[in-house]
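One structure is given here, and the rest of the page talks about it.
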Amino acid sequence: MLQYGAPVITATRETGMDSQVVLALSDTGAGVPLRELALVGLTAAIITYFATGWVRVLAIRFGAVAYPRERDVHVQPTPRMGGLAMYIGVASAVLLASQLPALTRGFVYSTGMPAVVVAGGLIMAIGLIDDRWGLDALTKFAGQITAASVLVTMGVAWSVLYIPIGGVGTIVLDQVSSILLTLALTVSIINAMNFVDGLDGLAAGLGLITALAICVFSVGLLRDHGGDVLFYPPAVISVVLAGACLGFLPHNFHRAKIFMGDSGSMLIGLMLGAASTTAAGPISQNAYGARDVFALLSPFLLVVAVMLVPALDTLLAIVRRTRAGRSPLSPDKMHLHHRLLQIGHSHRRAVLLIYLWVGIIAFGAASTIFFDPGQTAMVMGVAIVVAIVVTLIPLLRRGPDGAQEP
């Protein structure tokens, strides 16, 4: 069997009436390359940080500037195209990873990391065009499908799907189902990140948090499977993305000197989709025990984490606008981040609150690879209660007449 461009040994273990499929790559036992992963992530951060200043000048020269609109939060013209700087950092870090002895074998057995560079370059270029000249929704959607198709063509695709209810178990996907599932998830995450990019530092911070969570999860898989190269792609992709987001964030946090634009938000979404797919897509969950099955479902929860805020925001917006007799696509200033500002949170605090909510879900999902799921759920429950209280503090401080208490 060929999986992610890697030779996979398939073994069938008969136990009575049960049959388990065990997938193993032909190169294991190298351990967890933590130092190399840290170096690659740091490289992405440093290069992105310094490239952003150059891209800002370039954006102003080419007229890629976001002028304030009625529904926008920013009040002064701000250059876009930050995704170009992030892509420079990503491509440079992946190139470095391909030259490091401890990580090179991941490129031999997998096409996941080169696929991200190629597809990421395509989605970033589409975003650059939109940042400068603007694209209609259909053209942009076609570009997203094309970029996601490049990932699939180069071997980044779900091959099995685990359904933990109704006794369904593991479903081996045929080629059509694999392609459709991968395209649907990837394009959904791309649009989720594009949609959530409404406050300074929000998309970059959410990309950083979710990428770090996927990296932690991937390191846990590497640890538990003796450094199996199957888990190199999600570890490298996620740490590179985390580094790029970290390097861009100082330029983008309130008040932003530059916006990442669609070139950046769509790049983040595509890389998160690729990292999640390579973390769980090729794994046969029947080969593991109950605890590992829960852990291997965590990439789904990581996808939920990055999509939770925009999905909830979108649903509420559709209901709100439909009840008001307006088009669901009509713009307004009632999005989640607008509401956080309206109840009394500052711009920075609103962003940090959304970081908190996404971080609870993302790291809660990732931690199942290290801790008991029941204990993880308890900690997450406490964290959610704390997050609710912190979110509602401005309302709790108000008196009965709605005035702020001293």
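Placement of Cβ uses the backbone N, Cα and C atoms for every residue, glycine included.
Lifted from Swiss-Prot, the feature list:
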- 40-60: transmembrane segment (TRANSMEM)
- 83-103: transmembrane segment (TRANSMEM)
- 109-129: transmembrane segment (TRANSMEM)
- 152-172: transmembrane segment (TRANSMEM)
- 176-196: transmembrane segment (TRANSMEM)
- 202-222: transmembrane segment (TRANSMEM)
- 229-249: transmembrane segment (TRANSMEM)
- 263-283: transmembrane segment (TRANSMEM)
- 299-319: transmembrane segment (TRANSMEM)
- 351-371: transmembrane segment (TRANSMEM)
- 376-396: transmembrane segment (TRANSMEM)
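In this chain, the transmembrane segment (40-60) lies close to the transmembrane segment (229-249): three or more C-beta pairs between them fall below 8 angstroms, excluding pairs fewer than 6 positions apart. Counting Cβ pairs under 8 Å that are 6 or more residues apart, the transmembrane segment (202-222) and the transmembrane segment (83-103) reach fewer than 3 and are not in contact. Contact between the transmembrane segment (263-283) and the transmembrane segment (83-103) is present: at least three CB pairs lie under 8 Å, with pairs separated by 6 or more positions in sequence. Only residues 6 or more beyond the boundaries of the transmembrane segment (176-196), in the same chain, are considered here, and those with a CB under 8 A from a CB of the stretch are 123, 141, 144-145, 147-149, 151-152, 156-159, 161, 202-203, 206-207, 262, 265-266, 268-270, 272-274, 276-277, 281, 303, 306-307, 309-311, 313-314. Below 8 angstroms of C-beta separation, residues 30, 33, 35-37, 39-41, 43-49, 51-52, 54-55, 58, 113-114, 116-117, 120-121, 124, 127-128, 131, 232, 236, 240-241, 243-245, 247-248, 260-268, 271 of the same chain, each at least six residues beyond the ends of the transmembrane segment (83-103), sit close to that stretch.
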